[in-house]
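Engineer: Here it is, the structure, as C-alpha cells.
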C-alpha cells in the first residue's frame with residue numbers, strides 16, 4: 001500500500017528577491033542601451049564607399065558628414081524602432097518585455113538585411129566596418145543594439161500577453177476603425193511600392209523591400225505584444241459589418257495611393273486571381289480536409305472557357321458573349337469538372353485522394369498542351385483575348401474622373417477586388433452554415449460524421465464543386481486580364497503554390513488564403529535578384545513551415561487536427577475575440 | 001533493492017493522465033500481478049515499463065539499472081519482454097518468423113534454434129504449423145505464440161498483458177499452467193489480468209491499481225481474502 | 001504490323017522495368033511509414049546527375065570511354081549520391097514529422113521534391129537544359145528478326161531491363177529471407193511491436209530510404225545511358241509513373257511494384273501507338289489507369305489488405 005507525493009522539481013526553487021531585483025535592473029539597462037545603440041547606429045554611416053551599382057538607397061549611408069541628421073529610409077525606421085524601445089523601457093507599459101523583444105528583433109532584422117546587402121555588394125566585411133581610411137559602423141552598432149534590446153527584454157522575464165478591454169461609445173469606435181483601416185491601406189500601399197518596381201529599374205529594390213518588411217514586421221509584432229492588435233480585432237469584430245464595408249472601400253481606394261500605377265494594378269490583379277482561387281481551394285482543403293493537388297486545373301478550365309467565348313480570333317468557337325455571362329458559364333463548367341474530380345472521394349480517402357486529384361490535374365495539362373478539341377490552342381495558347389469593356393471603355397485603359405486620372409488597369413483592379421469580396425463572402429457564409437459544419441465534421445473524423453447522419457458523399461463532392469466554381473470565376477477574369485491563356489500557366493507547380501498559399505496563410509481562414517497568396521506573389525515580384533533561387537527557396541520554405549509552423553501565419557482558432565500538433569495550439573483566444 | 005522497482009510512475013496520455021503514481025516492486029523468480037478495473041492504468045503501466053510510452057515522472061529500475069529513460073528497443077536488451085494486450089502478432093508472417101522476431105536481438109543462432117524447439121515443445125500446436133501465417137490461428141493459439149515470441153528473447157522479466165482475454169476456461173488454465181512452469185524455470189513474471197481470481201491464485205504478490213494509482217498490495221492469498229478486493233474485483237471479475 | 005507491335009512491347013518492357021525499379025522505393029517507404037515520398041522521383045533524377053558528374057568530372061576520358069570501367073563507377077556514384085540525398089531527406093525533413101497529422105509530411109515531401117529539382121537546376125552546370133549523357137554500355141541495337149521485319153532493342157535497354165529485374169529480385173530475397181528484411185516487414189506491420197522485439201524503427205526507416213534511394217540512383221544512371229540525355233524533369237514524370245506502378249501492383253509489395261511497372265510501361269508504349277491521340281496522349285492513359293486503380297482497386301494486384309488511410 002503506497003501513497004506517494006510527487007517531489008517538487010529542483011528547478012522550481014524560488015530565486016531570492018534581491019537577485020531577481022538586480023537581474024531586472026540589469027535587464028532594464030540593457031533594454032535602454034539597446035535602444036540608444038539602435039538610434040546611434042541609424043545616425044552613423046553604413047558603407048565605406050559607393051557600391052558598384054550606384055549609391056545605396058537613402059544615400060545617407062555614405063553622407064553622414066554632409067547630413068548627419070537627414071534620416072530617411074531604413075535609417076529612419078531604425079531610429080524610430082530604437083526610440084520606441086527606449087520609451088517603452090523607461091515607462092511602465094503593459095506587456096513591456098514582449099514589446100521590447102519585438103522591437104529588438106525588428107532592429108536586428110533591419111540592420112542584418114542592410115548590413116548583409118552592403119557586405120555582399122561591397123565584397124566583404126570591410127564595406128561595413130572600416131576601409132581606406134573611412135569608417136562605417138552603423139550596421140554593427142545597430143545590430144548590437146537590437147540584440148541588447150531583445151536580450152534585455154527576455155532577461156527581465158516575459159509576462160503573458162496583456163488583455164485590454166477598453167470600451168468606447170459606438171461612434172468613437174467607428175472613427176477608430178476608420179482611421180485604423182485607413183492606416184492599413186497606407187501600410188499596404190507602402191509595402192507594395194517600397195523599393196519600387198524590382199529588376200533593372202532599381203537594383204536595390206529587393207534590399208529596400210526586405211528592410212522595410214523587417215522594420216514593419218518589428219513594429220507590427222510590437223503592436224501585437226502590447227495587446228492592442230487583439231483589442232482592435234475585438235473592436236472590429238463588434239462592428240463586423242461596418243468593418244467589412246470600410247475594408248472594401250479602402251481596398252477600392254488603393255489606386256489613389258502611391259501604388260496607383262499600371263504596374264502595381266497588374267500585380268494586385270494577379271494577387272486577386274490567386275487569392276480568389278486559393279479561397280476556393282481553402283473550402284476543399286481547409287474546411288473539408290480533402291487534399292487537392294490538381295486544383296489549378298479549375299482556374300485553367302475557367303480561363304479556357306472564357307477565352308473560347310470571348311470572340312478571340314484563335315478560339316475554335318468564335319462567338320462573343322457578354323462578360324458577365326462568360327463568367328457564369330466559366331464558373332458553371334469549372335464547377336461541373338469539380339464535381340467529376342470530386343466524385344472519387346466517394347471511394348478514396350487521404351493520400352490516395354490527393355494522388356487522384358494530381359492525376360486529374362496532369363490529364364488536364366496534357367490535354368491542354370495537345371490542344372484538345374482545338375479548345376486550348378496547345379503550345380500556341382489562345383492569344384489576343386479582347387478586353388472586357390463597359391460603356392465604351394476597355395478595362396485596360398486609364399480613366400479620368402474629374403481632375404483625377406486613374407492608372408490603366410484600375411478597372412480590372414476594381415473588378416477583382418469585388419470578385420474577391422464576393423468569394424470571401426461565399427466562404428464566410430459557408431463556413432458558418434450547416435454545410436460548413438458538416439465539412440468540418442468530415443475533416444475531423446469522417447466515420448464519426450457519417451455515424452452522426454451526415455451524408456458525407458454528396459457533401460464532399462459539393463466541396464469540390466463549390467471550390468471549383470470559385471476558381472472558374474477567377475479563371476474567366478484571368479483570361480481577359482492577361483489577354484492570353486496558355487496551358488503552361490496551370491502546371492502542377494501552380495497547384496502546389498496555391499496549396500502553399502492556403503497553408504502559409506492558415507488553413508480554413510479567409511484572411512489566411514489572401515495573405516498567403518499575397519506573400520507568394522509579392523515576394524517574387526520584389527526579389528527579382530533572387531529569381532533564380534525562387535523555387536528552391538519555395539521548396540525549402542514548405543519544408544520549414546511544416547516543421548515549425550504547420551498551422552500557418554493566421555491559424556484558425558477552432559481548428560484542431562490535420563496540421564497543427566495538439567501541443568502547438570495557440571493560447572485560448574482573448575475574451576470578446578471569438579470569430 | 002528488489003529485482004524490479006517502479007517508483008511513483010506518472011504517465012500522461014495526450015491530455016488525460018493515465019497513470020499518476022504507480023509504485024510497486026517485483027522480486028526475482030516471483031509471479032506478481034497487477035489487478036484493477038478497466039482503464040485503471042494497468043496496460044499503460046506495462047507499456048511504460050517496456051518503453052512504448054514515456055513517463056512524465058517516476059523511475060523504473062531493473063536489477064539496479066534505470067530503464068525509464070531508455071527507448072523500447074533498448075529495454076528489451078536489458079531482459080524485459082512484453083507480450084502486449086490483444087497479442088499483436090505479425091499476422092502476415094509465419095509462426096516461425098514471429099518467433100524469430102522475438103529473438104531479433106540475439107546473435108547465437110544455435111541458441112535460437114534450441115529455443116525454437118523449446119517453444120514448439122511447450123506449445124506443440126505451434127510446432128506442427130510453423131510455416132502457417134500467424135493470422136490464421138485461433139485466439140488461444142495466438143496467445144501461445146505471443147507468449148512464445150516474448151520468451152524467445154530469453155527475458156529475465158516477462159510481462160504478460162491480459163493473457164486470458166477471450167480464451168476458453170480450458171485454454172486459460174493451460175496458459176496459467178505455462179506461467180507457473182516459467183516461474184519454476186526461474187523467469188520472473190509480471191502479469192496484468194482482469195480475471196483477478198485466477199491471477200491472485202497464481203501470484204506470489206499482487207498490487208491493486210485504481211484510478212492510476214497503486215492502492216493495495218499483499219500476497220495473492222492476502223488479497224484474495226481482503227474484503228475490499230472481494231467487493232471490488234472478485235464479484236464480477238471471475239468470468240470474462 | 002507485327003514488328004511494330006513487338007517493338008512497342010519491347011520498349012514498354014524496358015521502360016516498365018525501370019519504372020518498377022523506381023517503384024520499389026515508393027512501395028517500401030509507403031509500406032513502412034505510410035508516406036507518399038513525392039521526392040523519390042527527384043532522387044532518381046539526382047542519381048542520374050550524380051552518375052553524369054562522375055563520368056564528366058571524376059573520370060579521365062580514357063576510363064570514361066571504356067564502358068566496362070565507366071559503367072560500374074557511374075552506377076556506384078549514382079547510387080551513393082541518390083542514397084545520401086534520400087537519407088538526408090528522411091533525417092531532416094520527414095523524421096521530425098513522424099507523428100504529425102497526415103497532411104504535413106505529404107506537403108513536406110512536395111517541398112523536398114521542388115527543392116531538389118531546383119537545386120540541381122541552379123547548381124549543376126548547364127542543367128537548365130537537357131544534358132547529353134555518355135554511353136555506358138555496348139553501343140548499338142540488337143535486331144531481332146520476326147516475321148515481316150525486325151524488332152530493334154538498344155543494348156543499353158536490355159541492360160536496363162535486366163539490371164532492374166535482377167535488383168528487384170535481389171531485394172525480394174533480402175526482404176523475405178534476411179534478419180534485417182524480417183525487421184523491415186515487422187516495422188511495416190506494427191511499429192510498436194517491432195520496438196518490443198528490440199528493433200530500432202529509426203534504423204529500419206533509414207535503411208529503407210537508403211535502399212530505395214540507391215535503387216533509384218542506379219535506375220537514373222541506366223536511364224541516362226539508355227536515352228543518352230537527361231533533364232531535371234525526368235524525376236517528376238517517372239516518379240509519378242512509378243507511384244502509379246506501386247499502387248497498381250499493391251503498395252508494400254515488391255513483386256507488385258515490378259509487375260505494376262511493366263504494366264505501366266506497356267500502357268505507355270502501346271497506348272501511344274494504338275490509342276487515339278498517339279504519343280501525345282500516352283501520358284494521359286497512365287493517369288487514367290492510376291485513377292481507375294485508386295478508385296476501384298486501391299489494394300492493387302498483390303495488396304493483401306486495403307490500405308486506405310482515413
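Cβ coordinates are placed from backbone N, Cα and C, and glycine is handled just like the others.
TrEMBL: automatically predicted annotations, no manual curation.
Just so it is clear, the model here is predicted, and its values are computed rather than measured.
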Engineer: Which stretch does TrEMBL mark as transmembrane segment, out of C:155-175, C:176-196?
Structural biologist: C:155-175
Engineer: For which of the residue intervals C:69-91, C:92-114 does TrEMBL record transmembrane segment?
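Structural biologist: TrEMBL lists transmembrane segment for residues C:69-91.
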Engineer: Between the stretches C:12-36, C:69-91, C:239-267, C:279-296, which wins on the count of C-beta pairs under 8 angstroms to the transmembrane segment (C:155-175)?
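Structural biologist: Looking only at C:12-36, C:69-91, C:239-267, C:279-296, the most contacts with the transmembrane segment (C:155-175) come from C:12-36.
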Engineer: Is the number of Cβ-Cβ pairs under 8 Å between the transmembrane segment (C:239-267) and the transmembrane segment (C:12-36) three or more, considering only pairs separated by 6 or more positions?
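Structural biologist: By the criterion, they touch.
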Engineer: For the transmembrane segment (C:69-91), find every same-chain residue at least 6 residues outside the stretch whose CB is under 8 Å from a CB in it, and list them.
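Structural biologist: Same-chain contacts beyond the flanks: 25, 37, 39-40, 43-44, 46-55, 58-59, 63, 112, 116, 134, 136-137, 205-206, 209-218, 220-222, 225.
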